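Q: Following this message is one structure expressed as structure tokens.
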Amino acid sequence: MADLLYARAQMGLSLAFHIVFAAAGVALPVLMVLSDLKARRTGDSDYRLLSQKLAKGTAILFAVGAVSGTVLSFELGLLWPEFMGQYGEVIGLPFSLEGVAFFTEAIFLGIYLYGRERVSPGLHLFSGIMVAVSGAASAFFVTLVNTFMNNPSGFTATAGGPTDVQPLVAMFSPGWQYQTSHVLLSCYQASAFAMAGIHAFVLLRHPGAAFHRKALSVALPLACVTALLQPLVGDLSAKHVARAQPVKLAAMESHFETERGAPLRLGGGVEIPKGLSILAFADPNAEVKGLNDFPRDEWPPVPKVHLAFQLMVGTGSLMALLALVTLAQRWRKKAWPDGKGMTWAWLLAGPLGVVALEAGWLVTEWGRQPWILRGVMRTAEAVTPVPHLSAPFWTFTAVYLFLGVTVVFLMVRQVKGTLPGPLASGGEAHGH
Amino acid sequence: MGTETMLGFAVAGTFVLYALFGGADFGGGVWDLLASGPRKKEQRELIAHALGPVWEVNHIWLIVGVVLLFAGFPRAFAVLSVALHVPLTLLLLGIVFRGAAFTFRTYDTRGDAVQRQWGLVFSIASVMAPVLLGLCVGAVASGNIRVEGRTVVSGFFAPWLTPFAWTVGALALCLFAFLAAVYLTHEAPTPELREDFRKRALGAGVAVFVAALAVLLSAREGAPRVWQGLLHEPFALVLHAGTALAAVTAFALLWTRRFKWARVAAATQAGLIVLGWAASQHPYLVVPDITLSGAASGPTAQRMLLVALVVGALTVLPSLALLFRVFRPGPLPSTRMGK
């Protein structure tokens, strides 16, 4: 039993670490290309420097994402050999296509980063766009695998493993459209908010820094658009979960008794009558299944799923609110808001996207337990027979901690290089 | 030819490509560790310069191989993940530290001391990883991984803690170092640097020969099935003849300083060694209990995988050609990315 927990903890840790870098690998190239385009249009050297800084950031984050992704591809087998041994063939297709996307991403990133002086400006820009497109494609394909684990389809389960395998059906399991759009948006949202937060931080200390004002003007549109779209997509996604995985929805809402016209219970004892029925089924009198209707041994860990869900919705709402206020001011003043209050708000909102991304992922993964393949194979049946799994768990925990700290350290130095005046650290600043 | 044979070829093919590209990158790390003489700094710069644009791409062959293995031969993937849990985990640590250290060193050019520390992490991980990789290959070929039904019955240590497996690990290390040195002779911008790596390539070539001989001799005891395959299958003999010919050619070309062709010959030699391993254990994926057809996924899954492989090839190969065209070896530019 302890080994199962260590295996889950190691997988969870590896994924929690990886998705931050994967998200950055999806979104930063878009921001990098946007700055590059602005630089070409305006001839402004700040935008050029920004796109170069973002390219360096992409390189560091992509490399860490690539190695942590390699770890994951092995860990699928190292930790869950029964699952991969039986269902590897069913989900091989999206994984292979993800490999293709990953390949093109690495190739064009190499050309973009090192080829500035070697290729034509057109080809250089094209490479940047290819990096952005392949990043999105690889997130898309790998999310399809997760959709499959939540809503398995495309095979007939037997005691000896799957038969009648239809890889294309498995690849597009029910709900794929909601989950992939939710995940892709979250990647852009988390990265844009983080970038906005960083530059807001610098602007509070150096209000006149033109470079950082411009950087903010690149991050804010993406942040605002994604923050407003995300609740809509999230709602569609929740409606799908309500139909396909009622026990997960019940855990998300901590909903124990089956009832018609179920209220939505917010934190602090506030209830919206019939709110949950409306949210889940778009019908005020719809029946919402409660946890008590399911066998006890098929409940996900309710408090954890509930808390993670609240965290995701809460942070998501805050971000949407900030986006609304920002866009309203943008519309009134014809300029991105740059008052002290708004800058503080963007600084404080900086980490929210990453928090929401991690929380949302936890909702999906904890909410699927105790199944690795919902309704077909339990996590406990899939785990490796190898003993002493605490050893790799603690090793990888230490490694990821070390890498995480190092990356933050390097990112801080990247930003420091752009600081105006005497604070600019020597050596690297404007050294292009 | 059945779909599983085609996929078997594809898996072997990605391993060959990983050895030729990813392996040479590991070799670069070895020479970074062993950099010496008056041009120590230039040697390291050349290695970093040659690796920079391509290391991530080269590394992806491994992932393609892994995905093909679990999608095409899921049972073998599961068995190997259990039997080789320990060395594979260590290999992962090597891969993580190597990639991270190389990137951090490249993109964070601060004082020499920090650079050197990252460089040391990079090169130690580059030595560790090939040995572990070879070790796993040796364990797979040895026949010491035993399976009943879907259960590994030979334990988590015995299959790879054998002299044979470690000899294969040593061969992998020598081979990758040899490849890297030969490639670098062609990439080197000055005659002096070329000579440095020519000497290293010749030395590593001798080491490859010795290690290969050791593998062959220990195979008799340590990997009887492969020993049979190596000596008695007709196609295996053709492969050996080809390998020997390529090895002698590579040596001669290095000796006479025809570096451009030396690297073709060296790559051929390395590729044939990997193919020779695959051929000698055919039709087994994990000797002696799991065959290609026994581990293969269903026919529909296999066909879809082949389609994905073709789609992938049509996307990746032109892009790769572009990448290698852009980064053809040329004079070292005075300012590098990361400065």
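Heads up, the Cβ atoms here are built off N, Cα and C, so glycines get one too.
The structure displayed is predicted, hence computed values, not measured ones.
Taken from TrEMBL, the feature transmembrane segment covers B:6-34, B:76-97, B:118-143, B:163-185, B:197-217, B:237-255, B:304-327.
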Q: Are there 3 or more C-beta pairs under 8 Å linking the transmembrane segment (B:163-185) with the transmembrane segment (B:6-34), counting only pairs at least 6 apart in sequence?
A: yes
Q: Are there residues at least 6 beyond the ends of the transmembrane segment (B:237-255) whose Cβ is under 8 Å from a Cβ of it, and what are they?
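A: Here the qualifying positions are 182, 185, 198, 201-202, 205, 208-209, 230-231, 261-262, 265-266, 268-269, 272-273, 275-276, 279.
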Q: Can you tell me which of B:76-97, B:163-185, B:197-217, B:304-327 gets the most C-beta pairs within less than 8 Å of the transmembrane segment (B:118-143)?
A: B:163-185
Q: Thinking of Cβ pairs under 8 Å, which stretch from B:76-97, B:163-185, B:304-327 has the most of them with the transmembrane segment (B:197-217)?
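A: Maximum Cβ contact count belongs to B:163-185.
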